[in-house]
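**Student:** Would you mind keeping the following structure in view while I ask a few things?
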Amino acid sequence: MISIKKVSKIFPSKQGHLKAVDDVNLEIQEGEIFGVIGYSGAGKSTLIRMLNGLELPTDGTVTVAGRVISKIKGAELRKARQEISMIFQHFNLLWSRTVSENIAFPLEIAGVNSSQRKKRVQELIKLVGLEGRENAYPSQLSGGQKQRVGIARALANNPKVLLCDEATSALDPQTTDSILDLLVDINKRLGLTIVLITHEMHVIRKICHRVAVMESGSVVELGPVLDVFKNPEQPITKRFVQQVTEPEETKETTQHLLELYPHGCVVQLSFVGETTEQPLITNVIRNCDVVVNILQGKISHTQNGSYGTLFIHLDGQVSEIQKAIDYIHSQQVGVEVISNG
Amino acid sequence: MADFMEMVKWDKLMEATRETMYMTSISVFATFVLGLLLGLLLFLTDKGNIWANRTVNVVVGGIVNIFRSIPFIILVVLLIPFTKLLLGTILGANAALPALIIGAAPFYARMVEIALREIDKGVIEASQSMGATHGHIIFKVLIPESLPALISGITVTAISLIGFTAMAGIIGAGGLGNFAYLYGFQGNKPIVTLVATIAILIIVFIVQFIGDYFTKKTDKR
């Protein structure tokens, strides 16, 4: 559906050239939810803006839904843009228009007649769950509602691709989740290809099928979300994965527990997919003569399966502890001894 | 009191008021159209915008600045040959119009430009991402989104224009300025000047009221 080949973007500046995007190659499949994660300045914003021609690549080609976006101009580009819609971090609604009128805007641009416009707007309002707010102005809506208008507006002309430019970054966690659920729903129901950029791993974890990690203009890691969670290779990817799997306080907690329990050892277990669903701890206790103390745990659901981490403290004879660790290993669960007591 | 009623030539006052309103309304309308065009041109040719063109921007900006800087009374005199060429006369309400419009439109153009700059760039970008043409962007985004500022700007400009008409009156354009000068100052009847002033104030208040009403009504932020 989307093919990015050898794409670079250089911004000329007074201090020399700034290479925002550096030789990026990506293939995004139809119906996929593809995430690009990176810190600000990593070039992800520039990359997504090249998908609808808001930026032109300095080098390389961008093809979306069979059209070479990086080559076409004028009327052809405008036509293509009706099939590649975009939602924004700050919603970018017209404050002078009501909810209905905002959603009707892209239909006006596409030249849809008034009666069909009304009908389509009604459908979209229902789709995004804004019934009863049709005549409200954006200033009367909450952030989440504004983004729902943004989504409805983006879907108006039945696009093939939806680009999300930090679409949830201005929202609180709960609203973020409801917007993400809506995106998944749209993806399933309409088979829409979604490309989103974010700096929050939570967003990637919750809805993306595949993820690309960007750092200083390049894609440094790429793969199915679960694989990246399981085996993050680059340091930056590890940091992003930790955002979700290890809450901030984990380090302090384990440090504290290491002091509290001078004996035995603290172990970090990581589960992937079906391994999250077995009674592992019970089996460990049954098979080995160890005391297990659960310190902290978390299971995260991704679009391709679950991923979990669990911190436990094992105490007992050294040989028994080793036996327990070997047993956990044999169950295809990742084990990492944090530190021996 | 009877004295006062006789002292003021009420029919002349009414005529002068009508002339002032005529000059004001025509020049406000023309200033709005011309100023909006110039303001849009200034905004759109600025760098980073859809018609970015440095040459056009500098030339239009220069012309606007020059005409905005000339004191109105001097502009009237400067434009005498032009007015004569255009209308064949330099007397009467119509003869004041070129100077009024040329004096006020650049002023309003800058206000339009400022109003347009206030629009969130993201909204323009969003429209582009939907495949909007330049026409869509101008008529469906830029103008509606800046409407309250455009209206409050034209209100301020209209009030300046009322002041300009009074000045134009002195050189023979008629209206309340001329009335005050002729019957009040030259006729040595301060009371007549006062009456003319009150008439102008009433017009100003009405214009301000209407402007404020529509500014509020269109502002949904």
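Glycine too: its Cβ is placed from the backbone N, Cα and C atoms.
Heads up, here are the entries from TrEMBL:
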DOMAIN    B:17-211  domain 'ABC transmembrane type-1'
TRANSMEM  B:20-44  transmembrane segment
TRANSMEM  B:56-80  transmembrane segment
TRANSMEM  B:86-109  transmembrane segment
TRANSMEM  B:149-171  transmembrane segment
TRANSMEM  B:191-211  transmembrane segment
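So that I understand the layout, could you describe where these features sit and how close they are to other parts?
**Tutor:** Sequence-remote contacts of a segment are chain residues at least 6 beyond its ends whose Cβ falls under 8 Å from one of its Cβ atoms, and for the transmembrane segment (B:86-109) they are 19, 22-23, 26-27, 30-32, 34-39, 42, 63-65, 67-68, 70, 72, 75-76, 79-80, 153-154, 157, 160-161, 164-165, 168-169, 171-175.
Sequence-distant contacts of the transmembrane segment (B:191-211), counting only residues of its own chain at least 6 positions beyond either end whose CB sits under 8 Å from a CB of the stretch, comprise 4, 7-9, 13, 16-17, 20-21, 24, 151-152, 154-156, 158-159, 162, 166, 176-177, 179-180, 183-185.
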**Student:** Do any residues of this chain, six or more beyond the ends of the transmembrane segment (B:56-80), have a C-beta under 8 angstroms from a C-beta of it, and if so which?
**Tutor:** 38, 41-42, 45-47, 90, 96, 98-99, 102-103, 105-107, 109-110, 164, 167-168, 171
